[in-house]
């Protein structure tokens, strides 16, 4: 009996010692879940400033706006460089304080980023086409050639701008300007010529200060202006003298 009890005790002890506890790994630390929208729209840092056009070293040179495009001509205002009309970031900064044109009309020049294709690029000025006009657009280089090729005076520019809203083409506008510059000629009949000839011979073909009253009276009688008589006498002085000398011979 004692032997059997010892065996049972040994068996029980062996079973307890052979039990192996399962090995458990420590639980991993929970990582915060990342929002997929954060990858698509990254948040900019406060001290990170976006690069503007001014930071890139861009300058806007002469104004290339054509003020006579509607009439088929080409007139620029002569503004040589863009000057902002307000502080950076405002709407006034996009308008030139000198010519009041938008910044996009000025030639852009970026230092260190000059495009080699720009030298060969051609710019066609906008033209006004009509059925009666055979005007063809001019081809120009955008590298400061406008100021040399278009030497328009301020008076011509004002005349062209005054006809911008009217339905006239370039040919009609040029005819109008030529008509204004043409001198009006006074028509003189034969009777007036004979009277002027007699009076000029009496004066000796010279207008002297002592004869001013008599000259004014004569001009009122023949219904001609004093300047007309003066010009006629100057133009016919030599011819009349030659005729008189030929007759005497």
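Backbone N, Cα and C define each Cβ position, glycine as well.
Per Swiss-Prot, DNA-binding region is recorded for 181-244.
Residues or ranges marked as compositional bias 'Basic and acidic residues' by Swiss-Prot: 20-34 (among others).
Marked as compositional bias 'Basic and acidic residues' by Swiss-Prot: 43-54 (among others).
The feature region 'Disordered' is assigned by Swiss-Prot to 11-54 (among others).
Residues or ranges marked as region 'Disordered' by Swiss-Prot: 134-156 (among others).
Residue 233 (site 'Required for DNA-binding') has a Cβ environment of 19 other Cβ atoms inside 10 Å. The site 'Required for DNA-binding' annotation in Swiss-Prot covers 233.
According to Swiss-Prot, the zinc finger annotation covers 60-109, on the basis of sequence analysis. Confidence annotation: the zinc finger (60-109) carries a mean pLDDT of 86 in the model.
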Which residue counts does DSSP yield for the zinc finger (60-109) in the helix, strand and coil classes, in that order?
10 helix, 12 strand, 28 coil
